[in-house]
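Note sheet for the following structure.
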Amino acid sequence: MFKVPPVPASRLPALLRAMPKAELHIHIEGSLEPELIFALAQRNGVPLPYASVEELRRAYAFTNLQSFLDIYYAGASVLLHEQDFYDMARAYLARAVADHVAHAEIFFDPQTHTARGVPIETVINGLHRACEDARTELGISATLILCFLRHLSEESAFETLEQAQPLLDKIVGVGLDSSEVGHPPEKFARVFARCRELGLHLVAHAGEEGPPAYIWSALDVLKVERIDHGVQAVHDALLMQRLAQDRIALTVCPLSNQKLQVFPNLADHNLGKLLDAGLAATVNSDDPAYFGGYINENFTQVFAATGLTARNAYQLAWNSFEASFASSADKRNWEHQLKEVFERCYEHDD
Ligand code: ADE
Ligand code: ZN
């Protein structure tokens, strides 16, 4: 890998913002800004229990994952038509381009919508069309990952997979999200085995609030290729070795961890520890509309709070491309662009 010389601290935020990156952990329903929630509520005649955008924003004071999920699922209730899903994804993709995201792998939660009577094809077709249009109109590469809600049953996950079956060419993989503690990965062993047979990529949230044991079972039972969050891995030395040796990427979300009180003080975040242990960590926004920032805000705030360096920045961006489910040719191309941005940064040295 490119040997990264030091960069003065004053120049680091600009470099973090300008470097090309992939975003591998973004829930599209978590990109729904309060303004868009209100606009869609009005367009669709959906009543909201908040009088204004400001009142809704004031409700974003979370104490843990569940306190967030309750509000997040309520926010998604304004999404009814294909155009709503399109508009939501298009807004995210435009925002991602501004943050120099070259490639995004976007999570969506079909059960949140099918439970309200919205057909799964409405969800997938709207999101997929937004990804296709963004590729040609905005120059960003974007793919979709269908997430099963782990607080629901195995049967519901299987039913969702069956509904999605005719649309599988529009998604690259499946994930597992929602309330973690009390819903271990094993609950979905058979669903993930079936998805594997179907040739889908596999990821799962594990070790966000839950114990290292959930990360072990996501790897060994579900056979996932990446772990979403995974920050609790530091409590298990053997697990850290396994993650490093197998180059299992962790999609870390610093501002989410701060807002959901995993690390109430961003200065205590363990991203640096994960990198120092040789893990393939990446930086992502999770639910940017709820946690106070898109991907560049996550980079700049965690770097400022924990004193990470330009070398760490290069490693994180490189990891994000390497851990993506994009083609090898695309990965090499983005990694080349990353190196060029860093080289240009040194050309301007005084
Ligand atoms: N769904 C949206 N954001 C999530 C998170 N941080 N953890 C689990 N499920 C989620
Ligand atoms: Zn998440």
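The count begins at 1 with the first shown residue.
Heads up, the Cβ atoms here are built off N, Cα and C, so glycines get one too.
TrEMBL labels come from automatic prediction, so no person has curated them.
Around Glu208 (active site, proton donor), the C-beta neighbours below 8 angstroms that are at least 6 residues distant in the chain are Leu65, Glu180, Asp228, His229, Gly230, Val231, Gln232, Asn257, Leu260, Val262. A coil conformation is recorded for Glu208 (active site, proton donor) in the three-state DSSP classification, outside any helix or strand. Positions annotated as active site, proton donor by TrEMBL: Glu208.
Residues or ranges marked as Zn(2+) binding site in TrEMBL: His25, His27, His205, Asp286.
Shown in sequence order, Ile26, His27, Glu29, Gly30, Ser31, Phe68, Tyr72, Ser256 are the residues of the chain, 6+ apart in sequence, with a C-beta less than 8 angstroms from the C-beta of Asp287 (substrate binding site). Annotation comment: TrEMBL describes Asp287 as substrate binding site.
What TrEMBL lists as domain 'Adenosine deaminase' is 20-336.
All protein chains shown were included, and the count of other CB atoms within 10 Å of the CB of His229 (site 'Important for catalytic activity') stands at 28. What TrEMBL lists as site 'Important for catalytic activity' is His229.
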Give me the long-range Cβ neighbours of His205 (Zn(2+) binding site): same chain, 6+ apart, Cβ under 8 Å, in sequence order. Arg150, Gly175, Leu176, Asp177, Ser178, Glu180, Ile227, Asp228, His229
Which of the three DSSP-derived classes (helix, strand, coil) applies to His27 (Zn(2+) binding site)? strand
Let me know the model's mean pLDDT on the domain 'Adenosine deaminase' (20-336). 98
What is the set of residues, excluding His25, His27, His205, Asp286, whose C-beta falls within 8 angstroms of the centroid of the C-beta atoms at the Zn(2+) site? Ile26, Gly30, Phe107, Asp177, Asp228, His229, Thr251, Cys253, Ser256, Asn284, Asp287
Could you say whether, by DSSP, Asp287 (substrate binding site) belongs to a helix, a strand or a coil region? coil
